[in-house]
Amino acid sequence: MTLPAPNIEFAALSPMLIVFGAGILGILLEALLPRDRRYPAQVTLNGTALCAAFIAVILQTGHQGHAVMGSVTIDGPTLFLQGAILMASAISIAPIGSRRLAAFTPQGSSVPGSADERDAQREGALQTEVFPLFMFAVGGMLLLPAASDLLTIFIAVEVLSLPLYVLCGLARTRRLLSHEAALKYFLLGAFSSAIFLYGMGLLYGYAGTLTLSGIATALDERGETSLALIGVALLTAGLLFKVGAVPFHSWVPDVYQGAPTPVTAFMAAATKLAAFGAMLRIFYVALPRLVTDWRPVLCVIAALTMVVAAVLTVVQTDIKRLLGFSAVVNAGFLLLGVTGTEAGLSSTLFYLVAYAVSTIGAFATVTMIRGPDGDEETDTSRWAGLGQRSPAVASAMALFLLAIAGIPLTSGFVSKFAIFQTAAADGAGVLVVIGVLASAVAAYAYARVIVTMFFNPPNTAAPQAERPALATTAVVTMAAAATILLGILPQPLFDLTINAGDFIR
């Protein structure tokens, strides 16, 4: 018997191949280069690879079709999300590269506070393995929104998750908190993967195929859907963990707080882009036949996510935990887009980009704020007087918080308005009211931070901004400019999301 050779369209896969290739080459650099030459080589390699992958995405514009025997689909939404992920990754690599020893432990295998760690820190050792890990995570994120069968989706989720588990545990300060965050993320991620895998098995038993289009065909041809509904429920639970929706959100604030801040910025932006891209493809391509079954459930989850997370945001005093619960609130807003019709896809894509820009800017600003001991000061109660000591940094932080809150003339207002408008047009007026109220509650938490920075008198231990690296300054400046520009002139980005079209089947 002759087995046909698999047909692999390398041009369609070029963005992912470039990123994965850079990750593999980064591992070789760790093994072959002397320690003092690894850091500049890794930064150059990662930056070049991300730019090359973005160019490859642009060159794919206008091309649609399937690759790798139907496992990967290249269409407008895929290319849009891949471009957004690469841009978010390129922006995130700047704080990761510029923070060096200040953010990452000099020796990840050492016991926190041990003599080995102190010796490594004194020698100036750098944990440059973060760069190939970063690239593997980016590669998994690029694959996730393009995957058109459940097995490829599962593989993409694991490829992006495993490096993140390690990266979350490499913080230099508060090492035990960082290790705790990494362990929680790993264990809960393993449980969610098992749940997703179980649901995938049930759907395969029902449809006899793992392709999204094949599942849609099986649902159209068969009347009994009980087994499929159970599979969809388990599949959805696994996906909701990745996007951080209630009741699968408990890991988000802990991991955001414990992980190195540059890694948190990357996770908060790029992971959401990839995970919601996969969720949109699954529900719009594989499950339109069951829309009357899954839409009410997602509506309830969206409402719970917005309300619960907004209330919990108010009681946070750590800025990273506050932004973590803010991420959960925004997951609820994005679920409004998922519960709508495919015609509202453009508003969801716009929201993802606007949120990514503001979030990366906020976390990049956090890396600049230092306490008396020189470490990052994340306790917002100690930010009193920051507006007087470091007005530029405080103003940037205020801008990003206002954008996340959805204040007019910022990208957050336009994105929230678009999502709410789409939901109202689809008959989800109650959810829109809940979303507006949740936004108001969360806005109180952001306003309290702004008041603390600008209107509370400073104390003797008040933090101030360090002189940041040029790369971090550039990231904050670009994020601030994009936040304002998308709030004033959103139409060009809306045109891109509209031109992206719909998912092909």
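Every residue gets a Cβ built from N, Cα and C, even glycine.
Residues or ranges marked as domain 'NADH:quinone oxidoreductase/Mrp antiporter transmembrane' by TrEMBL: 147-440.
TrEMBL lists 12-32 (among others) with the feature transmembrane segment.
Residues or ranges marked as transmembrane segment in TrEMBL: 39-59 (among others).
The transmembrane segment feature in TrEMBL is assigned to 79-97 (among others).
Taken from TrEMBL, the feature transmembrane segment applies to 130-147 (among others). Remote same-chain residues near the transmembrane segment (130-147) are listed as 15-16, 19-20, 22-24, 26-27, 30, 42-43, 45-46, 49-50, 53, 71-74, 77-78, 81-82, 85-86, 89, 93, 96-97, 104, 153, 155-164, 166-167, 170, 263, 266, 270-271, 273-275, 277-278, 280-281 (criterion: CB distance under 8 Å, separation of at least six residues from the stretch ends).
Annotated transmembrane segment per TrEMBL: 185-207 (among others), in sequence order. Sequence-distant contacts of the transmembrane segment (185-207) (same chain, six or more residues past either end, CB-CB distance under 8 Å): 150-151, 154, 157-158, 161, 164-165, 168, 214-215, 217-219, 222, 225, 227-228, 230-239, 241-242, 248, 250-251, 254-255.
Annotated transmembrane segment per TrEMBL: 227-251 (among others), in sequence order. Outside the transmembrane segment (227-251), and at least 6 residues removed from its termini, the chain residues within Cβ reach (under 8 Å) are 150, 157, 184-185, 188-189, 191-193, 195-203, 205-207, 215, 218-219, 271-272, 275-276, 278-279, 282, 287, 290, 293-294, 297-298, 301-302, 304-305, 308-309, 327-328, 331-332, 334-335.
Within the same chain, residues 73, 77-78, 81, 84-85, 88-89, 92, 95-96, 130, 134, 137-138, 140-142, 144-145, 147-148, 153, 156-157, 160, 164, 167-168, 170, 212, 235, 239, 242-244, 255-256, 291, 294, 320, 323, 327, 330-331, 334, 337-338, 345, 348, 352-353, 355-357, 359-360, 362-364, 503 sit at least 6 positions outside the transmembrane segment (263-283) and bring their C-beta atoms closer than 8 Å to a C-beta of that stretch. Residues annotated as transmembrane segment in TrEMBL: 263-283 (among others).
Sequence annotations record features per position, and here TrEMBL assigns transmembrane segment to 295-315 (among others). Here the transmembrane segment (295-315) has Cβ contacts under 8 Å with residues 233, 236, 240, 245-247, 249, 322, 325-326, 328-329, 331-333, 335-336, 338-339, 428, 430-431, 434-435, 437-439, 441-442, 444-445 of the same chain, all six or more residues outside its ends.
Sequence-distant contacts of the transmembrane segment (322-343) (same chain, at least 6 residues past either end, Cβ-Cβ under 8 Å): 243-246, 249, 252-257, 264, 268, 272, 276, 279-280, 283-284, 295, 298-299, 301-306, 308-310, 312-313, 316, 351-352, 355, 359, 362-363, 380, 404, 416, 419-420, 422-423, 425-426, 428, 431-432, 435, 438-439, 442, 445-446, 449, 502-503. Sequence annotations record features per position, and here TrEMBL assigns transmembrane segment to 322-343 (among others).
Under the heading transmembrane segment, TrEMBL lists 349-371 (among others).
Per TrEMBL, the feature transmembrane segment maps to 427-447 (among others).
Residues or ranges marked as transmembrane segment in TrEMBL: 468-489 (among others). Remote same-chain residues near the transmembrane segment (468-489) are listed as 91, 94-95, 97-99, 353-354, 357-358, 360-361, 364-365, 367-368, 396, 399-400, 403, 408-415 (criterion: CB distance under 8 Å, separation of at least six residues from the stretch ends).
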Note to self: Same chain only, please: residues at least 6 beyond the ends of the transmembrane segment (427-447) with a C-beta under 8 Å from a C-beta of the stretch. Say none if there are none.
What the structure shows: 299, 302-303, 306-307, 309-311, 313-314, 316, 322, 326, 329, 332-333, 336, 339-340, 401-402, 404-407, 416, 419-420
Note to self: Give the nonlocal contacts of the transmembrane segment (349-371) in its own chain as ranges (CB under 8 Å, at least six residues past its ends).
What the structure shows: 77, 80-81, 84, 88, 91-92, 94-95, 99, 103, 261-262, 264-266, 268-270, 272-273, 276, 319-320, 323, 327, 330, 333-334, 337, 377-378, 382-383, 386, 390, 393, 396-397, 399-401, 403-404, 410-412, 414-416, 418-419, 461, 463-466, 468, 472, 475-476, 479-480, 482-483, 486, 490, 493-494, 497, 500
